[in-house]
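First comes the structure, then the notes that go with it.
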C-alpha cells in the first residue's frame, strides 16, 4: 500500500511543484519588472489564493496513504485534480500577454476559463476528500460539504459577471474560507495519521 502511495505522491508532487513554480515565477515578474505590467489587485489576490490553496492541497494529499485500494480511475482522478491547479496557474500567468494592456484586461478576458477551472477545483476537492474516506470527510467538519458547492456556484456566477465588485467580494470570501480552513486544520504532519 505504501509503495503505491509513494508512486502516486511523486507524480502529484511534480504537478504541484510545477504549479507553485509557475505562480512564484509570475509573482517574481512584478518585482523584476515593476513598470512593465501594472499589478491588478484581483489578479494578485487570486494568485495568492491559488498558491495557498495548492499548498493546502499538497498537505492534505498526505492522507492518500489511508486509501486501501488504488484503482487506475482513482489514480487518474487525483492526477487530474492536481493538473487543474497547474492549468489555473498557467491562466493566471500566461507565456505572453502582447495583445493585452495589462493583467486587469487579461484577467477579465479569461475570467470564464479561470472561474470554470476554479469551480472544477472546488468540486474535485469533494471527490478527493471522499476517496480519502469517511474519517477524512468528518475531519473537515460539517460545513465542508455545503461550503465547496457554494464556492463552485460563486465561481460559475463569476464566469458571467462583469462587475469588478463581485470579483473582489468573491476573492475576499474565498480567501477568508481558505485561511479559516488552514487555521482549523493546522497540525503536525506526523500526527495526521495518529
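Residue numbers in this text run from 1 along the chain shown.
Cβ coordinates are placed from backbone N, Cα and C, and glycine is handled just like the others.
Unlike curated records, TrEMBL annotations are generated automatically.
Annotated in TrEMBL:
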| type | residues | note |
| --- | --- | --- |
| TRANSMEM | 6-27 | transmembrane segment |
| TRANSMEM | 39-60 | transmembrane segment |
| TRANSMEM | 75-93 | transmembrane segment |
| TRANSMEM | 113-131 | transmembrane segment |
| TRANSMEM | 143-162 | transmembrane segment |
| TRANSMEM | 169-186 | transmembrane segment |
Which residues, given as numbers and ranges, are at least 6 beyond the ends of the transmembrane segment (143-162) yet have a Cβ under 8 Å from it? 108, 111-112, 115-116, 118-119, 122-123, 125-126, 129, 137, 170, 173-174, 177
Cβ under 8 Å to the transmembrane segment (6-27), counting only same-chain residues 6 or more beyond its ends: which ones? 47, 50-51, 54-55, 57-58, 61, 64, 70, 75, 78-79, 82-83, 85-86, 88-90, 92-93
